[in-house]
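Visitor: Summarising the annotation, TrEMBL assigns domain 'Reticulon' to 5-203. What TrEMBL records for 20-39, 45-64, 109-131, 137-155 is transmembrane segment. TrEMBL lists 182-203 with the feature region 'Disordered'.
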Amino acid sequence: MASKVMDLIYWKDMERTGIVLTGLVVGLLSLFQLSIITVVSTVSLAVMCCTISVRIYYQVLYILSWGDGVHPFKSYLDLDISFSGEQADLYMQKAIIMTLSAFDTLKRLLFVGNLFESLKFLVLMYLVTYLGDLCNGLTLLIIGVIAIFSLPLFYRQRQEHVDSFISKIQTHVDNVKDTFQRLAQGGGPPPDPTPGGAKPKNQ
């Protein structure tokens, strides 16, 4: 199942990925004008009309001896999406661990377990208020869906350039972070870059 999802994300089958991406984006865009109940029911009706028509068409071909009688959606019906008991337990444990970890992180941020981290969270939430004025959650969801189907493929094709760009940004972020940490600790000179902290002798 996971491999099929990755094939969709990396456009291994361009026709199938195009259909899935178009369906997701059109469905989400429909939510701007219609309720989610209306969208789900309308999409379900459209899909059912299509699949039933194809099923009847193949059955008529088989009756007239013009077809082999193979079910047109056999590959989808045979698709195994079940989980074993061990897999279900493993996924449940991972979900519980991730949830508890998220709550623990949020607790430390809200109750100022680390002043610097809480200040970063405060700035982030302040910026999110501006983001909320520009767009709503549905817009962000549409952007996220498009990003899922575009960024992984772009990264695979431009990995060296992207890694180099990210490393430069990370360097600047680390420098700014070190500066704020020194200010929070009362200032002081930057750490000595020479091995062992050795200082050159005065002439």
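Glycine is no exception: its Cβ is also placed from the backbone N, Cα and C atoms.
Quick one: where do these features end up spatially?
Guide: Residues 8, 138, 141-142, 145-146, 149 of the same chain lie 6+ residues outside the transmembrane segment (20-39) yet bring a C-beta within less than 8 angstroms of a C-beta in it.
Outside the transmembrane segment (109-131), and at least 6 residues removed from its termini, the chain residues within Cβ reach (under 8 Å) are 140, 177, 180-181, 184.
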Visitor: Six or more residues beyond either end and a Cβ under 8 Å away: which residues meet both conditions relative to the transmembrane segment (45-64)?
Guide: 70-73
Visitor: Could you tell me what the rest of the chain brings near the transmembrane segment (137-155), counting residues at least six beyond its ends with Cβ under 8 Å?
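Guide: Those are 8-11, 17, 21, 24-25, 28-29, 31-32, 131, 162, in sequence order.
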Visitor: Restricting to the domain 'Reticulon' (5-203), report the mean pLDDT as a whole number.
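Guide: Looking only at the domain 'Reticulon' (5-203), pLDDT averages out to 83.
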